[in-house]
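The feature active site, proton acceptor is assigned by Swiss-Prot to H362. Summarising the annotation, Swiss-Prot assigns UDP-N-acetyl-alpha-D-glucosamine binding site to 8-11, K22, Q72, 77-78, G139, E154, N169, N227, R332, K350, Y365, N376. Swiss-Prot lists D102, N227 with the feature Mg(2+) binding site. Annotation source Swiss-Prot lists acetyl-CoA binding site at A379, N385, Y386, S404, A422, R439. Per Swiss-Prot, region 'Linker' is recorded for 230-250, and the stated evidence type is sequence analysis. The region 'N-acetyltransferase' annotation in Swiss-Prot covers 251-460 and is backed by sequence analysis.
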Amino acid sequence: MSHYAIILAAGKGTRMKSDLPKVLHKVSGITMLEHVFRAVSVIEPAKNVTVIGHKAELVREVLDGQSAFTMQTEQLGTGHAVMMAEEELAGLEGQTLVIAGDTPLITGESLKNLIDFHVNHKNVATILTATADNPFGYGRIIRNENGEVTKIVEQKDANEFEQQVKEINTGTYVFDNKRLFEALKNINTNNAQGEYYLTDVISIFRENGEKVGAYTLRDFEESLGVNDRVALATAEDVMRRRINKAHMINGVTFQNPNATYIDVDVEIAPDVVIEANVTLKGQTKVGAESVLTNGTYIVDSTIGANTVITNSMIEHSVVEKGATVGPFAHIRPDSMLKEGVHIGNFVEVKGSTIGENTKAGHLTYIGNAEVGSDVNFGAGTITVNYDGQHKFKTQIANNAFIGSNSTLIAPLEIGDNALTAAGSTITDNVPADSVAIGRSRQVNKEGYAIKKPHHPSQQK
């Protein structure tokens with residue numbers, strides 16, 4: 001029998017105090033909505049329906065092409081939100097999962113277990129529950145003396161006895177699809193919130209003698225719904241621990257996993273060593289036996305095997321195997337450092353390809369350049385690539401030697417085995433095997449220093 005899914009993503013999230021819809025706030029690199037969608041995908045629904053409302057177009061963009069959408073123009077409660085999905089699911093045979101888009105910690109495994117429990121017990125409705133040490137604010141699961149679920153009571157509607165119950169409603173359910181939409185026609189707004197509660201369909205099913213069950217999560221953390229920035233930080237913390245644990249199990253060494261921040265889509269090979277205060281974001285990939293030291297920050301980049309990145313930033317770039325970067329280097333977008341490259345202290349590379357075994361040890365800027373292999377950059381080298389309106393390219397061939405404090409005025413080509421003298425400003429192309437000197441000849445004025453204030457003879 002087919003499975004379907006309804007993701008509730010219409011709310012504004014007032015307590016987030018944000019212009020961004022609540023479900024679009026990110027946890028470990030992707031939106032909460034994407035986390036939920038990925039978990040839901042594990043049950044392989046025949047159809048996904050996402051209920052959107054506040055800033056609908058922004059929410060639609062996240063799952064465009066992956067889900068059907070339906071609008072909830074007025075936020076009149078969870079029951080009302082599910083009603084909006086009827087046009088997409090009416091009359092279909094099967095089970096429908098209903099889940100909120102602000103529950104980023106739920107796992108696909110738990111949702112699959114929930115579906116299996118529902119089917120195996122032949123329930124009309126199954127509630128995903130959890131046991132909370134502090135259940136305040138949650139809807140409570142009320143059972144009879146036989147342990148059967150009789151109803152769900154919201155916090156504001158719960159009496160003193162019901163408020164003591166620690167089994168809580170996570171806001172995730174599985175329903176017989178046809179019976180869900182039939183029951184929704186019979187709910188009303190006679191409650192403290194004046195809303196259509198989805199939970200009221202549970203009471204309707206019970207009154208009709210239909211079977212309602214509950215499947216309890218093993219891990220309460222999965223039930224977290226994010227309603228404010230405090231809960232968002234909690235979700236980030238839980239997700240970080242999960243991600244780092246998974247990498248450690250797969251052979252990655254963490255100096256301090258509590259101070260290492262890795263997005264959910266990052267890939268790390270075995271035998272990588274990661275020191276504290278490292279951040280890996282986006283689609284970053286790190287090759288085997290690499291070392292990332294304290295303070296390294298890498299975004300959407302590929303790092304080859306056996307590299308060492310020392311306290312440096314790398315953005316949208318590729319670093320091939322055996323390269324070393326840092327400390328205090330900045331590899332800006334669209335750069336490629338080929339095998340064995342060394343980029344050292346206070347070196348910035350932007351939009352450039354650096355050939356094999358090339359070295360730029362310190363205090364250098366390489367921008368919009370094509371650099372061959374075995375090139376050496378002396379300290380203080382600058383590629384001057386921008387004239388205020390346009391950017392120009394510098395091309396440096398294999399085995400060139402760029403003397404310290406060279407200023408290379410692009411567009412410029414430097415040939416194989418060429419050398420620029422230290423302190424030169426190079427404005428013209430340098431042929432292969434040539435030495436380029438672009439500086440004034442030194443003139444010594446003997447005895448002139450005696451008249452200068454620093455000279456001992458001028459001291460009083």
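Each residue, glycine too, has its Cβ placed from N, Cα and C.
In the region 'Linker' (230-250), helix, strand and coil residues by DSSP number 20 helix, 0 strand, 1 coil. Of K22, G77, G139, R332, all annotated as binding-site residues, the residue with the shortest Cα distance to N385 (acetyl-CoA binding site) is R332.
The closest partner of R332 (UDP-N-acetyl-alpha-D-glucosamine binding site) among the binding-site residues, by CA position, is Y386; the full candidate set was D102, N227, Y386, S404, R439.
Look at K22 (UDP-N-acetyl-alpha-D-glucosamine binding site): DSSP puts it in a helix. Comparing CA positions across the binding-site residues N227, A379, Y386, A422, R439, the one lying closest to G77 (UDP-N-acetyl-alpha-D-glucosamine binding site) turns out to be N227. You'll find the Cα of N227 (Mg(2+) binding site) roughly 8 Å from the Cα of K22 (UDP-N-acetyl-alpha-D-glucosamine binding site). In this structure the C-alpha atoms belonging to S404 (acetyl-CoA binding site) and the residue listed as 'active site, proton acceptor' are separated by 10 Å. Counted over all residue pairs in A379, N385, Y386, S404, A422, R439, the record's binders of acetyl-CoA, the longest Cα to Cα distance measures 22 angstrom. Each of the binding-site residues K22, R332 was assessed for Cβ neighbours inside 10 Å, and the highest tally belongs to K22.
For A379 (acetyl-CoA binding site), the same-chain residues lying six or more positions away in sequence with a CB closer than 8 A to its CB are G361, H362, L363, T364, S404, N405.
Listed in sequence order, the binding-site residues from D102, Y386, A422, R439 having a Cα within 10 Å of the Cα of L8 (UDP-N-acetyl-alpha-D-glucosamine binding site) are D102. Cβ neighbour density within 10 Å is lowest for S404 among the binding-site residues N169, S404.
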